[in-house]
């Protein structure tokens, strides 16, 4: 019985020593990231669609910090591009020519043709497609960014990209362009 307690105590001491060693190494060899890259990445839509020519939003944020164009993110639209311009300290540019003419589109699945293969669900970077294996799928249009990544994997071509009508609910009001003054808590107004 005492052999088990000795083994437990030795393993506990060994675990504590390794924990201290790993904690020290983590602090000693810590790699600081660029705070500008973190801020730029937070502004991007995080769809990881690759339409900008980079494999994800983080590499595109790093490229912007190194001087790349800020108008390459179609899912983000002009609002994201304007915020990126402000953060990067450059002039806003119009979005790429193809995006400037296009209207916002969302995916639409013709459910009567859907075979339930789940390939579109796996391709969607924002989980905007609802469904399960061998059952029809549908798109949650409020979540769809229009990145078009779900269309190509569909084996029966039952996914279309349809333009979104401008309504009061989805109109771009640009409310964050209105300056707002915040009051301090100790202000007696």
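The backbone N, Cα and C atoms fix where each Cβ goes, glycine too.
Residue counts for the region 'Hydrophobic' (1-26) by DSSP state, with H, G and I taken as helix and E and B as strand, are 25 helix, 0 strand, 1 coil. Look at Swiss-Prot and you will find 1-26 tagged as region 'Hydrophobic'.
Feature annotation from Swiss-Prot assigns domain '4Fe-4S' to 32-90. The average pLDDT the prediction assigns to the domain '4Fe-4S' (32-90) is 88.
What Swiss-Prot records for 49, 52, 57, 73 is [4Fe-4S] cluster 1 binding site. With a 10 A radius on its CB, residue 49 ([4Fe-4S] cluster 1 binding site) counts 21 other CB atoms from all the protein chains.
Residues or ranges marked as domain '4Fe-4S ferredoxin-type 1' by Swiss-Prot on the basis of sequence analysis: 105-134.
Per Swiss-Prot, the feature [4Fe-4S] cluster 2 binding site maps to 114, 117, 120, 154; the stated evidence is sequence analysis. Within the same chain, residues at least six positions away from residue 120 ([4Fe-4S] cluster 2 binding site) with a Cβ under 8 Å of its Cβ are 107, 109, 129, 137, 150, 153, 154, 159. In three-state terms derived from DSSP, residue 120 ([4Fe-4S] cluster 2 binding site) belongs to a helical segment.
Sequence annotations record features per position, and here Swiss-Prot assigns [4Fe-4S] cluster 3 binding site to 124, 144, 147, 150.
Per Swiss-Prot, domain '4Fe-4S ferredoxin-type 2' is recorded for 135-164. Counting same-chain residues at least six beyond the ends of the domain '4Fe-4S ferredoxin-type 2' (135-164), those with a Cβ under 8 angstroms from any Cβ of the stretch are 45, 47, 49-51, 74-75, 103-129, 170.
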Q. Tell me which residues of the chain lie with their Cβ under 8 angstroms from that of residue 57 ([4Fe-4S] cluster 1 binding site), as long as they are six or more apart in sequence?
A. 41, 44, 45, 46, 47, 48
Q) Nearest to residue 73 ([4Fe-4S] cluster 1 binding site) in three-dimensional space, by Cα, is which of the binding-site residues 117, 144, 147? A) 147
(Q) Which one is it, among the binding-site residues 49, 52, 114, 117, that lies nearest to residue 147 ([4Fe-4S] cluster 3 binding site) by Cα separation? (A) 49
Q) Within 10 angstroms of the C-beta of residue 73 ([4Fe-4S] cluster 1 binding site), what count of other C-beta atoms is obtained when all protein chains are considered? A) 26
